[in-house]
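Visitor: Below, the features straight out of TrEMBL:
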- B:47-358: domain 'AB hydrolase-1' (DOMAIN)
- B:Ser153: active site, nucleophile (ACT_SITE)
- B:Arg223, B:Asp354: substrate binding site (BINDING)
- B:Asp320: active site (ACT_SITE)
- B:His353: active site (ACT_SITE)
Amino acid sequence: MNDAAPVRFVAKNMRVDLELIAGMIAPGSRVLDIGCGDGALIDHLFRTRECDARGIEIDMAEVTRAVAHGLPVMQGDADTDLTHYPDDAFDYVVLSRTLQAVGRPREVLRQMLRIGTRAIVSFPNFGHWSLRWQLLTTGRMPMTKTWGRMWYETPNIHPCTIRDFFSLCDEEGYRVETWLAADDAGRHAPWRRAPMLANLFGEQGLFLLRRDHRAFRA
Amino acid sequence: MDQSPFPEIAHLHETFTEGLDLDCGAHLAQIDIAYRTYGTLNADRSNAVLVCHALTGDQYVAETHPLTGKPAWWGAMVGAGKPVDTDRYFVICSNVLGGCMGSTGPRSRSDQNVGEPWGTLFPPVTIQDMVRAQKKLIDRLGISRLFAVIGGSMGGMQALAWASLFPESVFAAVPVATAAHHSAQNIAFHEVGRQAIFADPDFHGGRYWAHGVIPARGLAVARMTAHITYLSEAALTRKFGRRLQGGDVLSPILFGERFAVESYLEHQGSSFVRRFDANSYLCITRAMDFFDLAADHGGSLGAAFRGSKTRFLLVSFSSDWLFPTAESRTIARALNQAAANVSFVEIVSDKGHDAFLLDEPDFHRTIAGFLGGAAEAAGLA
């Protein structure tokens, strides 16, 4: 890894994420991918599912790469730029392995479910057993492939666990339509119905959320 | 400095005898629009790209200029195998209304005073008037929908106006290094240039043709001022630094030695007056100053693009202080409000506003890729 590279996001394991997320999206949908990187998901959705998929990415080099590949991507910041979109502009708003790096995750989620009917959120699970084990045995911040930067320079300023995320959805009144936990290779079967186990063995959590209209009635 | 008006040469043009109603309320009885085309229009007339030129540009976007003999002004962008590929697209570029390369402007014969040019009596035109004149040309060429409209600086203003006025006729729009309104600072710089022209004794209240002269000194100063705004401090430092033309010995005469940057500006000024009309310069700078797309839509820029199906690419350059990135971001956000399809890139460059005309590989890759993606979406083979 090049240490001089600007620190912003963890390296994305797009291949695993892309397949899982794409599987949740209905063909022909309007999709906004926040933190879209070089636009691999957008490209995939456009080519295989005929979606009107667009992206926002903060890293200008990635944006240039995406646009130079003909993908509709704009440079922008999840924390500040979602407020400019109208309500219900998209069927799905995707935030793939980026939630832990934004300044105000709760506000970003609110915006996602304002401008989109559904939100798809994936994040690396800080409750994974290997992280717990490292913290327990060494008493230092865990270092893994995903959590590979020192605490003072990590872009991942808001790590959370799968159980944390369930609890936030509950507080905010988001309905979890589907969820799964996956390991590094994208396998997700064993912990499907057991959040406690998923929180221990899942390398990442993936959620399909929908605005719960009951929460807005008051 | 050369005081003679630059020669009239023939330009390919279309004449519109029905004239044009202008935003100011005036009506031009008949207009000419000079233009050039490159490449071939396909059978279903769906591959046309309109390139809009900037303040002092003209229609000779991809060929040697017939008057100055200088290379194409956007030769790196438009041509066979270039980002705007003339092997693939049918490229049209027209001289703006108010211009001086064959389109109707202050240099044309007046509707009112037979045998005289309009001069400063030419009615004020707007960016939107320029676009409506271009629309006439596009209609005349039998094209109902442009695949793309591309332009930098004032050309970008026209691209925005196209997408706002004729959304059904623009599949993709590429406003580069531009803004949805001209800032107070930009108006101020224009005003310095205009005052230099007014202050030139050869201006004769705009009727310089009657005296067989041009306000060369004033127009050159206007160009020199403007040219500084097109560059960046870094670019000026890199090109000239504090270098003196004739060594580094302090001359006993106050202006005995000249800085290299002074000579450069002098050259920019004196070559400009041999190809541009002072009254045209006044007319077009005024059109830019009055451009304010949001004001035309009740103060909401988003409203200018409501329901737009056009695909947008906005490009800015990091060292451009005339049309800084913040201006493009404002447009991007307005397009987000309209839920439009928008790509937005800031290209890192130290070349200032001029970067859009220069060799910037990332910029060229971006344009080529965007057009390629748009062509795929448009079903262009």
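Backbone N, Cα and C define each Cβ position, glycine as well.
Automatic, uncurated: that is what TrEMBL annotation is.
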Visitor: Long-range same-chain neighbours of B:Arg223 (substrate binding site), Cβ under 8 Å, sequence gap at least 6?
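Guide: Sequence-distant Cβ neighbours: B:Thr56, B:Gly193, B:Gln268, B:Gly269, B:Phe272, B:Val273, B:Phe276.
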Visitor: Can you tell which of the recorded positions B:Ser153, B:His353, B:Asp354 lies nearest to B:Asp320 (active site) in space, using Cα positions?
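Guide: Closest by Cα: B:His353.
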Visitor: Do any residues at least six apart in sequence from B:Asp354 (substrate binding site), in the same chain, have a Cβ closer than 8 Å to its Cβ, and if so which, in order?
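Guide: Same-chain residues close to B:Asp354 (substrate binding site) (Cβ under 8 Å, separated by 6 or more) are B:Tyr230, B:Leu231, B:Ala235.
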Visitor: Given the model, what does the mean pLDDT over the domain 'AB hydrolase-1' (B:47-358) come out as?
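Guide: Value for the domain 'AB hydrolase-1' (B:47-358), mean pLDDT as a whole number: 96.
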Visitor: From the Cα of B:His353 (active site) across to the Cα of B:Ser153 (active site, nucleophile), what is the distance in angstrom?
Guide: 8
